[in-house]
Amino acid sequence: MWIETDIYILLLVVIETLAIYAKDLDARGGDRTIKIRGKDIKYDKRDSPHGSDPTEVKIGIYINTFYSISEQTMDYSVNIYFRQTWYEPRLAKKDKRKKGESGMIKLADGMWSQLWVPDTTFRNEKKAAFHDVTIPNRLMRLYDDGKIWYAMKLTVTLSCPMNLAKYPMDTQFCPIMIESFGYTKSTLYFNWWDTPVATEDHLEMPQFRLIKSHLIDCSQNYSTGAYPCLQINFELKRDLGYYIIQIYMPSWLIVILSWVGFWINVDAVPARVTIGLLTVLTTTTQSSGARSSLPRVSYIKAIDVWMSVCLIFVFSSLLEYAVVNVMSRKQTQSTSFNMNMRMRRKQLAGMIGSRKADNMGSGDESSGNSTKQMKATMPDWDGKRKARMIDKRSRKIFPCSFLLFNIVYWVVYGAIMKDTPPVMGG
């Protein structure tokens, strides 16, 4: 009884071991037969198609959509058809094609797991996903000469190192780096299709325009060998229209508003102070909003220069009023003091002088009073005149200075400074 039970358990263990071994052998692509064109072919997917010779894999990309391009996280998402072709001589048709027979067959779904395929990866990938609605979005075709055409639909999020020194007049070069994960150049190498990059006819992005695609060989030597790699740099030019409407035009108007105070009387303290404080606070708020979506980089950006200079202009307008107001008030106080002294002297002279002395001194006093009155009046007139003169000059100096800054700013950032692609290749 016990012997029969032990034998039964032993048989179960042997069967389970054989099943696991068979499953592992199948997963590793061991010697097996696959059915191609209705015939059984002995095939081992662990072997390279050309044996000891490297296999050429041609790569092409069709861009369906560019998704968000984020300055904060420095990445972008793209929806693509990723296409690869190579020759598999073991699957080439041996007999001649019959009349009316197609020179190409579509392999069944899942066949890619039974054949040798390139172990292609995206070196700068952050995350990626296959599309399975409503069926797995993969396609594998086999031609009579052994050529395999393998395409799949992917959505990939890729890192994109950005230089924001010219933001928002910048051009970014966002790469997609296609590399073999495990095969070195002795096993396979990459080449481009005749049309490496194709795009949807009406490809649009919210803030960028795709200008050009630059092809680069990014093959790199690691400690384990030389691995093939191809790189595409998408040249993306930022559209300035949004920033003109949301940033530049409002800041122009705010700076111009700060100059209105130059035409307001220097004695209208509430009006001029209100305009000055309002423009300073508005510019500060706008500056914070314009940079809220940007990463904290250590270099100065074009938008930083613009907002800082605008803040300097509106603050200078407020400071200008403080200067002319203090100047005018100081002279007015001096005038009041002199007038009070003159009146006191006149009263004192009338109380202690005789009629004769008063008559005799009347001409001198009258002359002295006239001189004192002129001295008392001159500072008041001079202070007001200087304040008005500063305001009048500010009406020309501030607009001309801001116009000069605009010319220099747009010429430097729009024409002189150039964007350079990041160095990411091997």
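We number each residue from 1, going along the chain as drawn.
Note: Cβ is positioned from N, Cα and C throughout, glycine not excepted.
The signal peptide annotation in TrEMBL covers 1-22.
Summarising model confidence by region, the domain 'Neurotransmitter-gated ion-channel ligand-binding' (42-239) averages a pLDDT of 91. What TrEMBL records for 42-239 is domain 'Neurotransmitter-gated ion-channel ligand-binding'.
Long-range neighbours of the transmembrane segment (240-264) within the same chain, counting only residues 6 or more positions beyond its ends whose Cβ lies under 8 Å from a Cβ of the stretch, are 168-169, 207, 271-272, 275-276, 278-279, 282-283, 286, 290, 303, 306-307, 310, 313-314, 317-318, 320-321, 391-392, 394-395, 398-399, 402. Residues or ranges marked as transmembrane segment in TrEMBL: 240-264 (among others).
Annotation source TrEMBL lists domain 'Neurotransmitter-gated ion-channel transmembrane' at 247-357.
Per TrEMBL, the feature transmembrane segment maps to 305-324 (among others).
The feature compositional bias 'Polar residues' is assigned by TrEMBL to 364-374.
Here the transmembrane segment (397-416) has Cβ contacts under 8 Å with residues 166, 169, 255, 259, 262, 302, 305-306, 309, 313, 316-317 of the same chain, all six or more residues outside its ends. Positions annotated as transmembrane segment by TrEMBL: 397-416 (among others).
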